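Some features that Swiss-Prot has for this protein:
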{"type": "CARBOHYD", "residues": "78", "note": "N-linked glycosylation site"}
{"type": "CARBOHYD", "residues": "497", "note": "N-linked glycosylation site"}
{"type": "CARBOHYD", "residues": "609", "note": "N-linked glycosylation site"}
{"type": "REPEAT", "residues": "482-515", "note": "repeat 'TPR 1'"}
{"type": "REPEAT", "residues": "516-549", "note": "repeat 'TPR 2'"}
{"type": "REPEAT", "residues": "550-583", "note": "repeat 'TPR 3'"}
{"type": "REPEAT", "residues": "584-617", "note": "repeat 'TPR 4'"}
{"type": "REPEAT", "residues": "618-651", "note": "repeat 'TPR 5'"}
{"type": "REPEAT", "residues": "652-685", "note": "repeat 'TPR 6'"}
{"type": "REPEAT", "residues": "686-719", "note": "repeat 'TPR 7'"}
{"type": "TOPO_DOM", "residues": "1-14", "note": "topological domain 'Cytoplasmic'"}
{"type": "TOPO_DOM", "residues": "36-111", "note": "topological domain 'Extracellular'"}
{"type": "TOPO_DOM", "residues": "133-141", "note": "topological domain 'Cytoplasmic'"}
{"type": "TOPO_DOM", "residues": "187-198", "note": "topological domain 'Cytoplasmic'"}
{"type": "TOPO_DOM", "residues": "220-224", "note": "topological domain 'Extracellular'"}
{"type": "TOPO_DOM", "residues": "246-268", "note": "topological domain 'Cytoplasmic'"}
{"type": "TOPO_DOM", "residues": "289-354", "note": "topological domain 'Extracellular'"}
{"type": "TOPO_DOM", "residues": "376-382", "note": "topological domain 'Cytoplasmic'"}
{"type": "TOPO_DOM", "residues": "404-412", "note": "topological domain 'Extracellular'"}
{"type": "TOPO_DOM", "residues": "434-440", "note": "topological domain 'Cytoplasmic'"}
{"type": "TOPO_DOM", "residues": "462-741", "note": "topological domain 'Extracellular'"}
{"type": "TRANSMEM", "residues": "15-35", "note": "transmembrane segment"}
{"type": "TRANSMEM", "residues": "112-132", "note": "transmembrane segment"}
{"type": "TRANSMEM", "residues": "142-162", "note": "transmembrane segment"}
{"type": "TRANSMEM", "residues": "166-186", "note": "transmembrane segment"}
{"type": "TRANSMEM", "residues": "199-219", "note": "transmembrane segment"}
{"type": "TRANSMEM", "residues": "225-245", "note": "transmembrane segment"}
{"type": "TRANSMEM", "residues": "269-288", "note": "transmembrane segment"}
{"type": "TRANSMEM", "residues": "355-375", "note": "transmembrane segment"}
{"type": "TRANSMEM", "residues": "383-403", "note": "transmembrane segment"}
{"type": "TRANSMEM", "residues": "413-433", "note": "transmembrane segment"}
{"type": "TRANSMEM", "residues": "441-461", "note": "transmembrane segment"}
């Protein structure tokens, strides 16, 4: 087994704490770093993965989670992102149930506690990485390298690059994946207890358990499968003591003893490698079958380098992305929620100064790899090898080497690779301490890094508390990112600041002239401001760029309807439905078009389709009731109204519409009850009081009619119909008073 190099651990500028206290300190520090995010909102991707994800609600059968992607879409759909994380979604569903709805505090607290727990687990992981494996006679693993493991765990706990995973609720996928990844690694270590008397049987159990935990990690996030590769590296280079330098020397000298290398004759190692390979192959096969229609389809704006025609351009830019990821680990002050859409322009020429970053990255990596594989110091080899293994292997799924990914740089994918970074940094501090007498200076540097990173975590957690702060924080990092401007515009539009939203949407379109979502949203705002001509031009361009953009087709239809271009509007609605068959809002708007054209049957059919697809679509129900009421079909209007209220019992607008129908049918008592219920739900609706007054007027309850006419006119003094009815009532009351005299 690997043994501890006591010299390295003793000279590190770190305290020695018993395991319990070390874990308590690390866990507490991890909580302090990200506690500020506990009461934050759902931000950015949280909206799609949580708030709009029906898989979290009880109406969706639990079994559907195994057939849906992370965002709630069916995996078999061509539009699915194929991100299969059912166990993560299950935890969201439990959170939703325990919180009694979409209350973000519970979701954020779980994320913070998960990061704290993972940081605590890191103390054990780093103890193995730095100190090796040693067990007591009772089979308990010794806590070796206490200084190194504490320092590395603290560096991990306070790393600001983790903010996206902890403060963004969807980052739970990375947290859960990391948790089971580390448990799998520690479980694999259990297979090599020196006190193991049962030999292969016990070892096989722990190897199989490790593979199972790797599968669980993969069901939290795809990255989890890479733990099998890390376990294999650990087994070969640490347990098997495979020495590349020794092998190379024997090959060069044609040493016949090469044939007798223990690793090559180790049946146990070959058996474990077979298990790991078989387990990994099985997991990949199942994962591929689940994907259904093949890999996801990404666009050029998601990952521009992967669409470059030249293989050289692709390779250069991929390596530049790697250097940016390395820089985020080294200097995590430059953070952004999204790095796509022009944030990182492509390197297209060797004269681009950014190629220096590639050279620096590979200079460092090659140096570390040479030291890791060829150093005569076995302890140094082990630490560097495992540090590089943790740095590189979990990052492979995001590297674009095996398949195209849907992002340029993503801070969340660095959660596990940062373990390797912390190993290398801690080893570097140890090496510096060993070769210099300025121990206090190194200790001050270490404390400075911990303090600055903690401060950055607190500040960055604050930026993740709301979308406005998060999006605006990105402007200084990625001013060329069209998506940053788009998201700021969307946030402003949601708050009603249309003028500012238009400015940001226009900038997003300027930065990316093919940004159809920005065109669609800008077109919608212009439509609401009655700037119909420009709205039509933008929406027409959007559907020209992306012909299957159903939402843009529907919005184009709305604009064309407003311009009285009814045939074009109908065609646009039909095209939208063609590309998105289950589109209740489009059926609703199509029904409005038919109503404007007095095609009443077609309108009713369109609205009925909307309610079939979305039973809670109150606008469609309301329009059906009103149309049937206006055309004199009171019995049918009443039936539709009752059907609607059974599905949406607390919708006051439906109560109001049905109450009007019942009043015309002289069902005064039932109509009154519905009016009063609607008014209780929405007491400031002038029309509710006005129509209830009309009911009382017809019914002969003139004092009550007078009361509600007056309330209605207080709420809306400009309502001409109410004024006229109130005047009629007053004249009637005056006549009655004169007759009484």
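Glycine is no exception: its Cβ is also placed from the backbone N, Cα and C atoms.
With the fewest other C-beta atoms within 10 Å around its C-beta, 78 stands out among the glycosylation sites 78, 609. Within the chain, the transmembrane segment (112-132) has long-range Cβ neighbours (under 8 A, six or more residues past its boundaries) at 1-4, 8-9, 19, 22-23, 26-31, 34-35, 37-38, 141-146, 148-150, 152-153, 156-157, 162, 165-166, 172, 175-176, 178-179, 182-183, 185-186, 189, 238, 382-383, 386-387, 390, 419, 422-423, 426-427. In the structure as shown, the Cβ atom of residue 497 (N-linked glycosylation site) sits within 10 Å of 14 other Cβ atoms. A Cβ distance under 8 Å defines the sequence-distant neighbours of the transmembrane segment (383-403), meaning residues of its chain 6+ beyond its ends; these are 129-130, 181, 222-223, 225-227, 229-230, 233-234, 237-238, 295, 303, 305-306, 314, 318, 321-322, 325, 365, 368-369, 371-373, 375, 410, 413-414, 416-417, 419-421, 423-424, 427.
Helix first, then strand, then coil: DSSP counts for the repeat 'TPR 2' (516-549) stand at 27 helix, 0 strand, 7 coil. With pairs at least 6 apart in sequence, the transmembrane segment (355-375) and the transmembrane segment (166-186) have fewer than 3 Cβ pairs within the 8 Å limit; the two do not touch.
Counting in whole angstrom, residue 609 (N-linked glycosylation site) lies 34 from residue 497 (N-linked glycosylation site) by their C-alpha atoms. Contact between the transmembrane segment (413-433) and the transmembrane segment (199-219) is not supported, since fewer than 3 Cβ pairs fall under 8 Å when only residues 6 or more apart in sequence are counted.
Between the CA atoms of residue 497 (N-linked glycosylation site) and residue 78 (N-linked glycosylation site) there is a gap of 36 Å. Most Cβ pairs under 8 Å with the transmembrane segment (441-461) belong to 142-162, among the candidate stretches 142-162, 199-219, 225-245, 355-375.
Counting same-chain residues at least six beyond the ends of the repeat 'TPR 4' (584-617), those with a Cβ under 8 angstroms from any Cβ of the stretch are 550, 553-554, 557-558, 561, 566, 569-570, 573-574, 576-577, 623-624, 627-628, 631, 644, 647-648. Highest Cβ pair count under 8 Å relative to the transmembrane segment (15-35), across stretches 142-162, 225-245, 355-375: 142-162.
Residue counts for the repeat 'TPR 3' (550-583) by DSSP state, with H, G and I taken as helix and E and B as strand, are 27 helix, 0 strand, 7 coil. Assigned with DSSP, the residues of the topological domain 'Extracellular' (289-354) fall into helix, strand and coil as follows: 27 helix, 0 strand, 39 coil. The average pLDDT computed for the topological domain 'Extracellular' (289-354) is 86. Mapped onto three states, the DSSP output places residue 78 (N-linked glycosylation site) in coil.
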